[in-house]
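A.B. asks: Attaching a single structure in structure tokens format; questions to follow.
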Number of protein chains: 2
Amino acid sequence: MAGSGCLLYFSILSSLLLFSATITEASQCAISGLPFVRNISELPQDNHGRGGLSHITIAGSALHGMKEVEVWLQTFAPGSRTPIHRHSCEEVFVVLKGTGTLYLASSSHVKYPGTPQEFSIFPNSTFHIPVNDAHQIVNSNEREDLQMLAVISRPPVKVFIYDDWFVPHTAAKLKFPYWDEQCLQSPQKDEL
Amino acid sequence: MAGSGCLLYFSILSSLLLFSATITEASQCAISGLPFVRNISELPQDNHGRGGLSHITIAGSALHGMKEVEVWLQTFAPGSRTPIHRHSCEEVFVVLKGTGTLYLASSSHVKYPGTPQEFSIFPNSTFHIPVNDAHQIVNSNEREDLQMLAVISRPPVKVFIYDDWFVPHTAAKLKFPYWDEQCLQSPQKDEL
């Protein structure tokens with residue numbers, strides 16, 4: 001099994017780089033000029049102002065000209081988490097490493113997310129978030145990083161953030177651009 | 001690094017199961033009744049009649065009700081390959097393990113794919129296939145499996161297959177359903 005260690009390598013590499021924001025490509029916004037086959041370990045990563053996060057856009061709207069899907073590699077340090085948020089797109093997760101908790105509020109409450117369901121997530125697991133359902137992912141493991149591939153439709157993602165599960169949907173705060181701030185312009189309100 | 005071996009496990013598991021067609025879920029077509037967080041190693045896998053292939057639909061149209069994206073885990077034994085084909089959707093690959101060759105015919109020839117460009121693919125690499133560009137992926141390594149995650153938009157995929165790179169686009173053969181034959185019905189011609 002000469003090659004089976006590659007995934008291990010992939011995982012370790014991301015951990016080592018977790019808190020750096022190394023930019024190894026000439027530009028973070030270049031659609032042209034990138035190699036057609038790209039080495040993920042050489043792609044730009046950033047924490048986008050969120051402690052404990054490493055985000056890499058593997059295939060993205062602003063960076064690579066994707067129009068229908070985006071793929072991200074995200075690593076969460078122990079204790080770190082996404083905000084409580086929703087977005088108007090499908091999202092699929094593949095857990096590569098680590099464990100954590102998914103909190104998911106289905107659409108049964110019309111005015112606010114409400115108390116979420118709780119799911120354990122684990123290595124080699126997958127799940128998807130229904131369009132517009134509020135959710136949060138927490139690395140609840142005290143010692144190990146949580147690393148996931150995330151796939152979304154309808155890029156670039158527009159994220160609505162809730163301070164807690166009982167904030168009305170209409171009071172959730174839009175954050176756009178969410179990633180790739182330096183490449184995307186904020187849309188007019190009526191574009192959303 | 002207690003959990004960093006999980007990817008290795010993931011990879012080895014798929015190799016061990018490569019030539020079996022174990023169906024561990026009660027139904028391959030069930031949208032409801034599946035656990036929300038699914039263990040990928042327990043999902044149905046099949047070779048769909050293609051020697052050397054293991055295909056697992058991680059998140060799919062027929063199986064899980066996806067409408068905008070699908071995610072597959074595919075493992076190719078040494079020497080095995082996809083057909084030369086095109087599809088009217090975006091496709092992103094993440095190479096988890098192994099090496100191989102991507103052949104890609106850009107749209108410069110109007111009537112047929114023509115001689116493709118050749119790219120080496122390697123562990124931890126990523127690339128995407130432009131909509132409708134004919135392509136083929138070959139595990140050109142004699143000893144090691146090639147394992148990739150594939151993401152497509154516009155599921156379920158409708159694939160047009162070419163016998164060689166000089167077959168006219170109009171003579172490429174439609175294969176639909178491509179995966180999940182038992183769950184999807186062939187569309188009428190004017191639906192395509």
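Glycine too: its Cβ is placed from the backbone N, Cα and C atoms.
Quick paste from TrEMBL:
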- A:1-26: signal peptide (SIGNAL)
- A:CYS29-A:CYS183: disulfide bond (DISULFID)
- A:HIS85, A:HIS87, A:GLU91, A:HIS135: Zn(2+) binding site (BINDING)
- A:ASN124: N-linked glycosylation site (CARBOHYD)
A.B. asks: What Cα-Cα separation, expressed in whole Å, is found between A:HIS87 (Zn(2+) binding site) and A:CYS183 (disulfide bond)?
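C.D. replies: Distance (Cα to Cα, whole Å): 20 Å.
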A.B. asks: Just jot down the residues in the same chain as A:HIS85 (Zn(2+) binding site), at least 6 apart in sequence, with C-beta under 8 A of its C-beta; none if empty.
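C.D. replies: Counting only residues 6 or more apart in sequence, the Cβ neighbours of A:HIS85 (Zn(2+) binding site) under 8 Å are A:ALA134, A:HIS135, A:GLN136, A:VAL159, A:PHE160, A:ILE161, A:TYR162, A:ALA172.
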A.B. asks: What is the number of other Cβ atoms found within 10 Å of the Cβ of A:HIS135 (Zn(2+) binding site)?
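C.D. replies: Cβ-Cβ neighbours of A:HIS135 (Zn(2+) binding site) within 10 Å number 24.
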A.B. asks: Filter the recorded positions A:HIS87, A:ASN124, A:HIS135 down to the ones with a Cβ under 8 Å from chain B's Cβ atoms, keeping sequence order.
C.D. replies: A:ASN124
A.B. asks: Taking only same-chain residues 6+ apart in sequence, whose CB is under 8 Å from that of the residue listed as 'N-linked glycosylation site', what do you get?
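C.D. replies: In sequence order, A:VAL95 meet the Cβ cut-off.
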A.B. asks: Which residues, in sequence order, are found in the same chain with Cβ within 8 Å of the centroid defined by the Cβ atoms of A:HIS85, A:HIS87, A:GLU91, A:HIS135 at the Zn(2+) site, excluding those residues themselves?
C.D. replies: A:THR82, A:ARG86, A:ILE129, A:ASP133, A:ALA134, A:VAL159
A.B. asks: Using Cα coordinates, what distance in whole Å links A:GLU91 (Zn(2+) binding site) and A:CYS183 (disulfide bond)?
C.D. replies: 22
A.B. asks: Which of these recorded positions has the least crowded Cβ, counting other Cβ atoms within 10 Å: A:HIS87, A:GLU91, A:CYS183?
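C.D. replies: Lowest Cβ count within 10 Å among the recorded positions (A:HIS87, A:GLU91, A:CYS183) is A:CYS183.
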